[in-house]
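Contents: one structure, followed by commentary.
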Amino acid sequence: MSTDNKQSLPAITLAAIGVVYGDIGTSPLYTLRECLSGQFGFGVERDAVFGFLSLIFWLLIFVVSIKYLTFVIRADNAGEGGILTLMSLAGRNTSARTTSMLVIMGLIGGSFFYGEVVITPAISVMSAIEGLEIVAPQLDTWIVPLSIIVLTLLFMIQKHGTAMVGKLFAPIMLTWFLILAGLGLRSIIANPEVLHALNPMWAVHFFLEYKTVSFIALGAVVLSITGVEALYADMGHFGKFPIRLAWFTVVLPSLTLNYFGQGALLLKNPEAIKNPFFLLAPDWALIPLLIIAALATVIASQAVISGVFLLTRQAVRLGYLSPMRIIHTSEMESGQIYIPFVNWMLYVAVVIVIVIVSFEHSSNLAAAYGIAVTGTMVLTSILSTTVARQNWHWNKYFVALILIAFLCVDIPLFTANLDKLLSGGWLPLSLGTVMFIVMTTWKSERFRLLRRMHEHGNSLEAMIASLEKSPPVRVPGTEVYMSRAINVIPFALMHNLKHNKVLHERVILLTLRTEDAPYVHNVRRVQIEQLSPTFWRVVASYGWRETPNVEEVFHRCGLEGLSCRMMETSFFMSHESLILGKRPWYLRLRGKLYLLLQRNALRAPDQFEIPPNRVIELGTQVEI
């Protein structure tokens with residue numbers, strides 16, 4: 001999104017506040033409470049409060065302000081960000097061996113996101129609804145049911161899109177951040193001593209005083225930066241400058257004031273640790289605060305759900321996930337999509353997490369939070385510095401210093417969160433592992449299948465020359481053969497000739513290709529090559545944020561002089577029946593998983609929006 005128009009900059013910045021910062025903006029609901037809840041062996045003590053506040057503030061400065069908003073956000077692919085984009089950029093100028101390692105890192109990072117995203121809506125919404133304990137303690141048994149109701153409504157409206165409701169996100173989140181700042185400032189004025197915690201020496205003192213326990217406590221501190229990946233992933237929607245402007249002018253000051261306000265309250269009233277966020281507010285403001293908190297957490301959850309949809313589409317287009325139905329809910333914004341399968345799988349997972357893992361309180365979810373986030377941070381550091389060295393050609397010693405600085409923060413955070421493994425951290429890690437296995441299985445087995453199908457030695461040019469010299473029976477009209485690779489004879493063409501011994505007067509070999517870019521300009525959309533008097537090759541290129549559409553391809557072909565009409569064209573496609581060959585047991589398991597994924601994948605006619613009555617599928621049996 002361009003920010004050149006200065007008049008639109010405030011609007012874009014406001015929109016960024018509403019979408020990008022929802023997750024990190026709702027962290028004050030639970031972060032300081034989890035830090036000082038007594039689980040690490042110390043209570044609400046002055047040194048502990050100052051130490052945690054200092055750690056939270058400097059973590060926001062170093063990780064968000066410096067690492068992500070100054071360095072990582074520079075690595076964009078035509079303005080787009082995200083862990084898979086970073087993976088793609090990092091592997092452009094490296095050896096095949098290094099590229100394979102970088103791809104694995106990127107896929108692990110993407111898988112971690114899937115694992116962590118199950119926790120985010122649950123902990124955010126529950127933390128907001130838990131304000132009921134302050135307003136009306138007798139309603140605490142309704143926290144879980146109300147959380148499920150709110151999330152059910154949220155997932156149900158996904159199919160309708162969020163274009164209309166989304167217009168309210170920005171003003172609501174701006175109001176939320178102003179409330180954060182106001183509540184915090186009010187408490188700080190009453191106890192300004194808390195501002196001493198801005199001194200990083202309090203963080204150092206915290207480690208020196210509490211030693212090993214302070215290291216483990218980093219697992220709670222990291223809750224303050226959850227959602228940091230959204231700053232990079234949503235870069236394509238808003239641009240770098242509006243995201244930075246929103247952070248430094250609104251989000252960072254508001255978060256800092258609120259955290260320090262909670263700290264000031266705890267120094268004055270240690271018993272407020274049961275819910276320091278809501279106890280910042282005067283009694284008359286509790287119900288309005290509960291309502292705005294619930295709205296803010298719903299918006300944060302919406303941003304996460306949209307992020308899952310976008311990541312899934314990118315993984316599908318890059319060939320790491322099987323094709324699935326993707327519905328565009330807005331004609332104006334390509335990022336407004338809905339994926340039914342992902343939506344309801346995520347919903348089921350979130351409800352299970354709330355009912356089984358939370359045990360009626362969001363604090364139990366905090367124990368499951370952090371491993372995947374910090375793991376992704378480590379991978380982002382490695383991938384982004386690889387881009388700096390290989391793509392930007394920065395000095396290798398300077399890049400090494402940057403990487404060491406990043407890892408000096410990321411690795412302790414990740415290691416500290418490993419302590420959560422048995423108390424809930426296994427959940428996002430397990431979900432992430434499942435997604436990693438699914439993505440690597442689909443990619444590797446798909447490659448094996450295509451290689452097996454293309455093992456025949458027939459030359460496309462030789463076959464076309466032979467058909468032109470000794471043509472089979474020709475019938476009027478146009479036929480299209482979908483070809484996955486250029487210069488390879490489509491299976492459907494061979495089987496049609498073998499069994500039907502007939503061709504149409506005009507034959508088009510169509511290849512739909514995904515380029516390493518989010519978008520492809522219409523000028524470069526279609527390349528047409530006439531291979532013989534009756535054969536044409538058409539290569540249509542799409543970016544990974546675009547959805548291929550054969551009707552659009554035909555329109556472009558018409559502009560280039562190759563007239564095609566959808567309802568007068570026959571599409572021949574091959575349908576592979578797969579048989580597993582002899583393999584070791586572990587590869588056989590992977591093969592069975594691939595067969596399951598392929599059986600449930602979206603069929604090509606639906607994937608490319610081809611009318612079913614124009615499609616002829618020819619079956620073929622392939623051993624893999």
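Cβ atoms here come from the backbone N, Cα and C positions, even for glycine.
As annotated by Swiss-Prot, transmembrane segment applies to 9-29 (among others), with the evidence given as sequence analysis.
Outside the transmembrane segment (49-69) by six or more residues, the chain places 24, 31-32, 35-36, 194, 196-203, 205-207, 209-210, 214, 217-218, 221-222, 224-225, 228, 231-232, 243-244, 247-248, 252, 255-256, 259-260, 263, 266-267, 377, 381, 406, 409 with a CB less than 8 A from a CB of the stretch. If you look up Swiss-Prot, you'll see 49-69 (among others) marked as transmembrane segment, on the strength of sequence analysis.
A Cβ distance under 8 Å defines the sequence-distant neighbours of the transmembrane segment (103-123), meaning residues of its chain 6+ beyond its ends; these are 23, 30, 83-84, 86-88, 90-91, 147, 151, 154, 226-227, 229, 297, 300-301, 304-305, 307-308, 311, 315, 320, 346, 349-350, 353-354, 357-358, 362, 365-366, 368-369, 372-373, 375-376, 379-380, 382-383, 427-433, 435-436, 439-440. The transmembrane segment feature in Swiss-Prot is assigned to 103-123 (among others); the stated evidence is sequence analysis.
Residues annotated as transmembrane segment in Swiss-Prot: 137-157 (among others).
The transmembrane segment annotation in Swiss-Prot covers 165-185 (among others).
Under the heading transmembrane segment, Swiss-Prot lists 213-233 (among others), citing sequence analysis as support.
Look at Swiss-Prot and you will find 247-267 (among others) tagged as transmembrane segment.
The feature transmembrane segment is assigned by Swiss-Prot to 276-296 (among others), with sequence analysis given as support.
Same-chain neighbours of the transmembrane segment (337-357): 117-119, 121-122, 126, 144, 147-148, 151-152, 155, 158-159, 161, 305, 308-310, 312-313, 324-329, 364-365, 368, 424, 427, 431, counting only residues six or more beyond its ends whose CB sits under 8 Å from a CB of the stretch. For 337-357 (among others), the entry in Swiss-Prot reads transmembrane segment, with the evidence type sequence analysis.
Residues 30, 34, 63, 67, 71-72, 75, 83, 86-87, 89-90, 102, 105-106, 108-109, 112-113, 115-116, 119, 122-123, 126, 219-220, 222-223, 225-226, 228-229, 232, 353, 357-358, 399, 402-403, 406-407, 410-411, 413-414, 417-418, 420-421, 423-429, 432 of the same chain, all 6+ positions outside the transmembrane segment (365-385), place their C-beta atoms under 8 angstroms from a C-beta of that stretch. Among the features that Swiss-Prot reports, transmembrane segment is placed at 365-385 (among others).
According to Swiss-Prot, the feature transmembrane segment maps to 398-418 (among others).
Away from its own ends, the transmembrane segment (421-441) comes close to residues 107-108, 110-116, 118-119, 315, 320-321, 349, 353, 357, 364-365, 367-372, 590, 593-594, 597 of its chain (Cβ-Cβ under 8 Å, at least six residues beyond either end). Taken from Swiss-Prot, the feature transmembrane segment applies to 421-441 (among others), supported by sequence analysis.
Cβ atoms under 8 Å from those of the transmembrane segment (165-185) belong to residues 14-15, 17-19, 21-22, 25-26, 28, 157, 250-251, 253-262, 280-281, 289, 292-293, 295-296, 299, 302 of the same chain, restricted to positions at least 6 beyond its ends. Residues 121-122, 125-126, 129-130, 165, 294, 298, 301-302, 305, 343-344, 346-347, 350-351, 354-355, 358, 360-361 of the same chain lie 6 or more positions beyond the ends of the transmembrane segment (137-157) yet place their CB under 8 Å from a CB of it. Among residues of the same chain six or more beyond the transmembrane segment (398-418), those with a C-beta under 8 A of the stretch's C-beta atoms are 59, 62-63, 67, 71, 215-219, 221-222, 370-371, 373-375, 377-378, 381-382, 385, 388-389, 425. Listed as Cβ neighbours of the transmembrane segment (247-267) (distance under 8 Å, sequence separation of 6 or more from its ends, same chain) are residues 13, 17, 21, 24-25, 27-28, 31-32, 36, 44, 46, 49-50, 52-53, 56-57, 60, 64-65, 69, 174, 177-178, 180-181, 183-188, 190-195, 197, 224, 231, 273, 276-277, 279-280.
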